[in-house]
Amino acid sequence: MEVDGETQIEELECDIRTLRKQLKAKVQQLKTLKKHFQKNCINKLNNNEIARYSRQIILSEIGVQGQLKLKRSSVLVVGAGGLGCPSALYLAGAGIGRIGILDYDEVELTNLHRQLLHTECSVGLTKVESVRSYLEELNSQIEIVTHHIQLTSDNALQTLESYDIVVDATDNVATRYLLNDACVLLKKPLVSGSALQLEGQLTVYNFNGGPCYRCLFPNPPPPETVTNCGDGGVLGAITGVIGALQALETIKIILGNSGVLSGRLLLFDGHQSTFRNLKLRPKKADCAVCSDNPSLTKLIDYEQFCSMKATDKDSHLNLLAPHERITVQEYKSLAESNVPHLLVDVRGANQFEICQLPASINVPIDDILKNRRTAEVTQLAATGGPVFVVCRRGNDSQLAVRHLSQLFQEQGLAPPRDIVGGLHAWTHNIDPEFPIY
């Protein structure tokens, strides 16, 4: 009897696998048929589309002709993260005929508080496939195209040229310049958004005679002054607000509506829940890329131009000489030998509360750079022995060491040293149970 039961289980599992394969094949056939049907029906709305989009079709700003414009349009969303997820979601819901999703990354647990098209089951999957799966379940009437690549000067023009509008939902400076220049060369509007901490910004570049990104920022900022979500943090609802507004601006461009944020910058303050609308400087007459006589007529090496990587991943600064730094292994050996020293943790107080190394004192980086507590640090250093500086990933600690070195030298103190890689390196190389965030 027991053998028969095991046999039945195996047979059922085999049947289920077969049915799943058949279902997958049928689903693919259905998608292919729908795409073929939709391509041949771009001049009218079917009954399903009329019912689905009825609440926006009845708006005088849209109507049937407006919905057909949306159906015939194509939008590329660059970045499937905090901004890209809500933007793609509302574009798909509105009935954009073809939506491209471009991202090189995979879903991580740290994404889920703000990138709400991904789920716990998506962790480890590519972001583009995770978004595609969600959007196809939301709206099977539209086409979702995935680009699992990192955008570069070599592939940008070819990738962007088949879309009407580009949505910049990225989080790094080099890619912003790349997207701007590519959109100018291809004569495509660029809907640009950003979000950090509890604030967000939104504008539209290269549209209706308005400025491009280079008109406003001809030169990139120094790498050490740039903060991304990984360093500065962000509240998920902020990215939701800005991402949804990016979708709105995109829809307005497609419909030909007035009021597009070209030449204007929308600022959102999540602290006070207020919006401000600022007028931007006009198009620059001598802009390197969008002027009548541009000096840039092809894409360049943007990582070299910006002196930073074209990636949303946390960057690693290299500001100090080797003798000004110490590895986590070296620091562990020193601490276990009970050598007198002072360990200064320059993270913010809220981050220090999450986790800290034994005997460390918290002096936030802002208090050091603005000389609010440097006297305190030098006094402790005079009696506590050599100073080692740590932060989350080893960037702010370098800034702190660079700032403190001159003060220490003036007072005859041993120079401070940075712990390479910060607390992330401690978790990876010393204590895997130490919290990482």
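Sequential numbering from 1, following the chain as shown.
Backbone N, Cα and C atoms are what each Cβ position is placed from, and that goes for glycine too.
Here Swiss-Prot flags Gly82, Asp103, Thr110, Asn111, Leu112, His113, Arg114, Lys127, Asp171, Asn172 as ATP binding site. In this structure, Thr110 (ATP binding site) is part of a helix by DSSP. In the structure as shown, the Cβ atom of Thr110 (ATP binding site) sits within 10 Å of 13 other Cβ atoms.
The Cβ of Cys290 (Zn(2+) binding site) has Val184, Asn206, Pro211, Cys212, Arg214, Cys215, Lys283, Lys284 as same-chain neighbours under 8 Å, each 6 or more residues away in sequence. DSSP classifies Cys290 (Zn(2+) binding site) as coil under the three-state reduction. If you look up Swiss-Prot, you'll see Cys212, Cys215, Cys287, Cys290 marked as Zn(2+) binding site, on the strength of sequence analysis.
Secondary structure at Cys229 (active site, glycyl thioester intermediate), as computed by DSSP, is helix. As annotated by Swiss-Prot, active site, glycyl thioester intermediate applies to Cys229.
The domain 'Rhodanese' annotation in Swiss-Prot covers 337-435 and rests on sequence analysis. The residues of the domain 'Rhodanese' (337-435), classed with DSSP into helix (H, G, I), strand (E, B) and coil, number 45 helix, 14 strand, 40 coil.
Shown in sequence order, Asp345, Val346, Arg347, Ile365, Ser397, Ala400, Gly422, Leu423 are the residues of the chain, 6+ apart in sequence, with a C-beta less than 8 angstroms from the C-beta of Cys391 (active site, cysteine persulfide intermediate). Residues annotated as active site, cysteine persulfide intermediate in Swiss-Prot: Cys391.
Summarising model confidence by region, the domain 'Rhodanese' (337-435) averages a pLDDT of 94. Rounded to a whole number, the distance between the Cα atoms of Asp171 (ATP binding site) and Cys229 (active site, glycyl thioester intermediate) is 8 Å. The record gives Cys212, Cys215, Cys287, Cys290 for Zn(2+). Within 8 Å of the mean position of their Cβ atoms, the other Cβ atoms in that chain belong to Asn180, Val184, Tyr205, Asn206, Pro211, Tyr213, Arg214, Lys283, Lys284, Ala288, Val289, Ser291. Listed in sequence order, Pro211, Cys212, Arg214, Cys215, Pro218, Pro294 are the same-chain residues six or more apart from Cys287 (Zn(2+) binding site) with CB atoms under 8 A from its CB. For Cys212 (Zn(2+) binding site), the Cβ neighbour count at a 10 Å cut-off comes to 23, with all displayed protein chains included. Counting neighbouring Cβ atoms within 10 Å of each of the recorded positions (Leu112, Cys215, Cys229), the lowest count belongs to Leu112.
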